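The annotation region 'Phosphopantothenoylcysteine decarboxylase' is assigned in TrEMBL to 1-188. Per TrEMBL, domain 'Flavoprotein' is recorded for 4-174. Taken from TrEMBL, the feature active site, proton donor applies to Cys156. Positions annotated as domain 'DNA/pantothenate metabolism flavoprotein C-terminal' by TrEMBL: 184-391. The region 'Phosphopantothenate--cysteine ligase' feature in TrEMBL is assigned to 189-399. Taken from TrEMBL, the feature CTP binding site covers Asp277, Lys287, Phe321, Lys335, Lys339.
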Amino acid sequence: MEGKRVVVGVAGGIAAFKVAGFVSQLAQRGADVRVIMTRSATQFVTPLTFQTLSRNHVAVDTFDEKDPSVVSHIDLADHADLFVIAPATANIIAKMAHGLADDMLTTTLLATQAPVMVAPAMNVHMYQNPVVQENMDRLRQAGYRLIEPGSGQLACGYVGQGRMEEPENLAAAVEAFFRETPDLSGKRFLVTAGPTREPIDPVRYLSNRSSGKMGYAVAEAAASKGADVLLVSGPTELSAPAGVRRVEVTTAEQMYQTVIGEMDEADVIVKTAAVADYRPVNPAESKIKKNEENMVLELEKTTDIAEVIGKRKKHQFFVGFAAETDRVAKYAQEKLSRKNMDLIVANDVSRPGAGFDGDTNIVTVWDKEGEALSLPQTSKREVARRLVALIGERLHGHR
Ligand code: PMT
């Protein structure tokens, strides 16, 4: 964990005393640990405890700006490679689930782009309360990773589920997180994203509902691990993620030309784009007038870019996506083998919370041997991080 930057958010529960051991273990393993405490947390453990264990100043008050050259909650939010909330009380979980930002911890959390682990700790009945469970579901769907509490004797006297995970297990989860995505420095990723637009006339086109969010998240996740990322993007409203080179295209043909021109340089190709399968045969040069009651538009097939990549690829690790509405596993596995992919990410786009446009997805990843990863509804950014982790893992054994 040498040099990894972990921000630990401590909320006001008795399990705060166990977090001292967790912070100590992170620091001993070489992590750069910063602690943010809520005011209630300071009733259980003093900031001095965490300052001594982490060797860093502990933040409690949003307005305690020690360094005038930065805004401290944004600085801490940007600093983190990983955020861990421990103990996560019912109160902090509710605030996070609803986007409240009324203290240093919640304000920093809203501003961070880093993955967040949440280690709940509370009374068993609070934990089972449907409102708390609903809030935790919201966090899971937003891509937060929940570390389920264990069962046993609780500090309040009850026996049941609600004990925060033990410090050594929390430290092991953090270590596993950093191991999960190897460093991708020196690897070149070619990622496609968004829809294509196929002109009918100068003012109309055929397209689809892809927003580009899934592909941009993949590009961002790969770049955050040090990869050199080229993003070939159809028309979207999104800005290019930091450190990612973007080439903008409009039609399937332009995407094809760009991808084929760049593929030899790539180590990994991820085809997230929703490329049009058909385009008008003869796009009109001037706007089509509505003279007839019915109109027939003749379409022709576009080039299947993925199929061409599958045929031409040499050393490249090739990942495709499959947007299906039925028989998802069957159709995805057929595409995997027909297009000679190494992995295919299948999303059932008929399910609420999956597929086009939204911020979340539900995916199953297949390789030639079978299922490689399955994720319940979670944010596209978290799907992208887990996918990039899987690609990183596979790259080591890939020639
Ligand atoms: O952009 P978002 O709003 O975030 O939505 C994400 C998404 C639903 C678009 C994404 O998750 C997704 O599923 N992308 C693939 C969509 C698609 O075109 O699937 P497909 O099953 O039709 O195609 C299979 C694969 O072949 C894809 O990798 C596709 O990029 C590729 N293909 C398809 C047609 C074509 N002419 N050329 C291709 O390369």
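Cβ coordinates come from backbone N, Cα and C, glycine included.
Locations of recorded TrEMBL features on the structure.
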| residue | record | Cβ within 10 Å |
| --- | --- | --- |
| Cys156 | active site, proton donor | 13 |
| Asp277 | CTP binding site | 14 |
| Lys287 | CTP binding site | 11 |
| Phe321 | CTP binding site | 27 |
| Lys335 | CTP binding site | 21 |
| Lys339 | CTP binding site | 20 |
Among the recorded positions Cys156, Lys287, Phe321, which have a Cβ atom lying under 6 Å from any atom of ligand 1? Phe321
Rounded Cα separation (Å) that holds between the residue listed as 'active site, proton donor' and Lys335 (CTP binding site): 55
Reduced DSSP state (H/G/I helix, E/B strand, rest coil) at Phe321 (CTP binding site) is strand
Assigned element (helix, strand, coil) containing Lys335 (CTP binding site), judged by DSSP: helix
DSSP on the residue listed as 'active site, proton donor', three-state: which is it? coil
Rounding to the nearest whole angstrom, report the longest C-alpha distance spanning Asp277, Lys287, Phe321, Lys335, Lys339, listed for CTP. 37
